[in-house]
């Protein structure tokens, strides 16, 4: 007879195996049903506790401009949001395509962030090649840059620690259609190599959240071959975060896959929770043991329901056979966020 610890490890392994399989399905537009039947009487309490700890999705809407700098070109104006809400360390969208003469308009949604030009080899370091830098700015600031060529241009937040947590973006990202070095080609290996289990958890959440969405494969062709290996996780997280934004706000995606934020104002943009921040909070919080306790009951239900949410035809991958307690807490946080939408 198995003790409770062995039982939980078995259930966690099963749930993680399904999660990793979900992550492998990014090269196809179908992710499964997008819903699950949990059937647990303790689940509602767990959801409420996670929502109380980490909050629900926020909204972003432009506010009166507090200041601006830069210049505008003769072409189109493409908007990138700098941290759509406080605590979400992302640029939205993560990557944009632009022509010579277009203007990239960066709009601050939260305080204490920068837009600083970097490079593909060193995404979190200021470049000396035709540099630009906004300086640290606050909510409602606007910084604009004219696109002078179509080479890939990387930019990042220079506030200490922000870029390392994933806050960088790309103008005219390198593309490799269906190549092994593309986001789609590397998704499975990047997720499997993340020993924390956080990416697997986020991939599973994103698979459910974006099921049937036009943006479910957004960013799949971004080429990572010349990026440093430490940045792979951040690129994958940023792509998935943008996919979640597009799933929650389908009207901002054009037919060609580009993101149009010009209509934001009358209808605020929904912003998903920054899962990385939530997982870090769960790891560092003194009450994480309490969340672990609540997670254990949801874990069993998630394991039994996982077969209904697994994508059809997804290959099994045993590389993530055992996950950490932090990843288990993360799974509960993500599911709680999903049901709160």
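Counting begins at 1 with the first residue displayed.
Every residue gets a Cβ built from N, Cα and C, even glycine.
The annotation compositional bias 'Low complexity' is assigned in TrEMBL to 290-315.
Taken from TrEMBL, the feature domain 'Phytocyanin' covers 99-167.
Marked as region 'Disordered' by TrEMBL: 290-316.
Mean pLDDT for the domain 'Phytocyanin' (99-167) in the predicted structure: 96.
For the domain 'Phytocyanin' (99-167), the DSSP-based tally of helix, strand and coil residues reads 3 helix, 21 strand, 45 coil.
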